[in-house]
Every structure is written in structure tokens, then in C-alpha cells.
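Below: one structure, written as C-alpha cells.
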Ligand SMILES: Nc1ncnc2c1ncn2[C@@H]1O[C@H](COP(=O)(O)OP(=O)(O)OP(=O)(O)O)[C@@H](O)[C@H]1O
Ligand SMILES: CC(C)(CO)[C@@H](O)C(=O)NCCC(=O)O
């Protein structure tokens, strides 16, 4: 478990837990009065990590991993999962709200801390680009994430190596070696997609996710480390006031 401060401990006594289960990592925000702390761990290890939290805690969660959702439901007696039907500070305009990733709902709500209209780029396992216009979620684009793209090229070809470190700060010149071609190809695909959306909608970009920091080298954006957890906090405050 990774923490922003102190050592790992039993998290037994607090007012509220916010949980974001992503395909790669699970993030937890512990809130007790004005005290806040974020911790994270691999989603593949959710069972053993979640046992460190008091089952009687109040929990608000989003999860995009079905198995992890079941583990959370079993452990916590008082857990609320955000859905498109939750009382939200935004409107959801999506043809299939029942299939909409609830992390995307949280991102859209977290973005309200910076304005009412924006582009969200969540560069995690997948790269998701979403549009919120005047507090209305309009949908977006789901792309393979940076690491996933690299793993696919490696897995489904005979000659391509696995490229794990993305260290370039320029990818517009052609790549000059196999690893450079892969790195530049994935960055070109990711960054050009985001730039095209920016050009079309001309809204400010909010960038988040495990690869968000890397993309700040190429895209003018506000980088927010834990946008999903911030969004859950916005939703919690909104429903307590309305
Ligand atoms: N410490 C880390 N552990 C795991 N992945 C990391 C780490 N740092 C950067 N990454 C990159 O971040 C990606 C995971 O990002 P993130 O945690 O936002 O994804 P996630 O848990 O799948 O969330 P989402 O489902 O919203 O995409 C990985 O694919 C990897 O490329
Ligand atoms: C796209 C991901 C994987 C991003 O985390 C997640 O939001 C998800 O599983 N979404 C379901 C499909 C949808 O949002 O329409």
C-alpha cells in the first residue's frame, strides 16, 4: 500500500472513506473531520488491503472492476456506489447510462472544482477523453492506454519488444530504432487524439491518471493527481446539501 504520509496501519476509526477502484490501482481517501489522507494499492490485491479498513465505515465508491465491486460489497456494511442515477451536480447525456464507467462520472464532477465546461483526459489503463459542457456530461472517446498499447504490440507480434519506459520529450521526428518507433508511435497516437479533441471543442483540459504526469510534457492542461477521489468528494458534499 502506498501512502502520501505515515506508515501502513490499521485504518479503524474515521468518518468517511472514498474509494476509486481502477483496472490497475485502487485509491482510497480517508476523511476524518478536517484530516484527509490518500492511500493506494494494486487492484489485484484489493482483498487483503481492504481488510485493513473498518467494515462499519461509511463508504462512497466507484469501481470499474466487477470482482472488486463484490469484494467491497462483502466487506463494508454501509457502502454506496455512485451510478448515473445518483443525485449529481451534473447532467448525464449518454445513450447507455447503465454501462457508463462510474469513474467517468466522478471525473466530470471533480472537474467542477475548476469550471463548468472542460475536457477530461484520464490517462490510466485506458486513455479516456470526455467532454463536460455547461455541467452536462456529453460522452467521449475510449482509447487503449499507454502501457496497454505497448503490451499489445509486444503480445501480438513476433519481433516487437516490450517498451516500458516512456522518456522522450519529442515524438514528431520519425523514430530511429525499434524502441523509439514504438514509443513515438504510442505517444503520437495518444497526444494527437487529445489535440484533435482540444481543437474541435476548444475547452480547457484537465489531465489525470497514472500517465497524466507524463502527458503534461506534451499537452497544456491542468494536472490533477486524484481527480476521481476529488469527484467523489464533490458528489458527497452535493448530496449532503441537496
Ligand atoms: N506506480 C504505478 N503503478 C502502476 N501503474 C503506474 C504507476 N505509475 C504510473 N503507472 C501507469 O499508470 C497506469 C495506471 O493508471 P491509473 O492508476 O490511473 O489507472 P487505473 O487504476 O486503471 O485507473 P483507470 O481505470 O481510471 O484507468 C498504468 O497503466 C501505468 O502505465
Ligand atoms: C473506460 C474505463 C475502463 C476507464 O476506466 C471505465 O470507465 C469503464 O470500464 N467504462 C465502461 C464503459 C463506458 O464508460 O461506457
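Placement of Cβ uses the backbone N, Cα and C atoms for every residue, glycine included.
Per TrEMBL, the ATP site holds 20, 21, 22, 23, 24, 25, 26, 27; the candidate it also names there, chosen from 99, 102, 125, 126, is 125. A Cβ distance below 6 Å to any atom of ligand 1 is met, among the binding-site residues 22, 102, 178, by 22. Remark: of the recorded positions 20, 103, the most isolated position is 103 (fewest other Cβ atoms within 10 Å of its Cβ).
Checking the recorded positions 20, 24, 101, 103, 178 against ligand 2, the ones with a C-beta less than 6 Å from an atom of that molecule are 101, 103.
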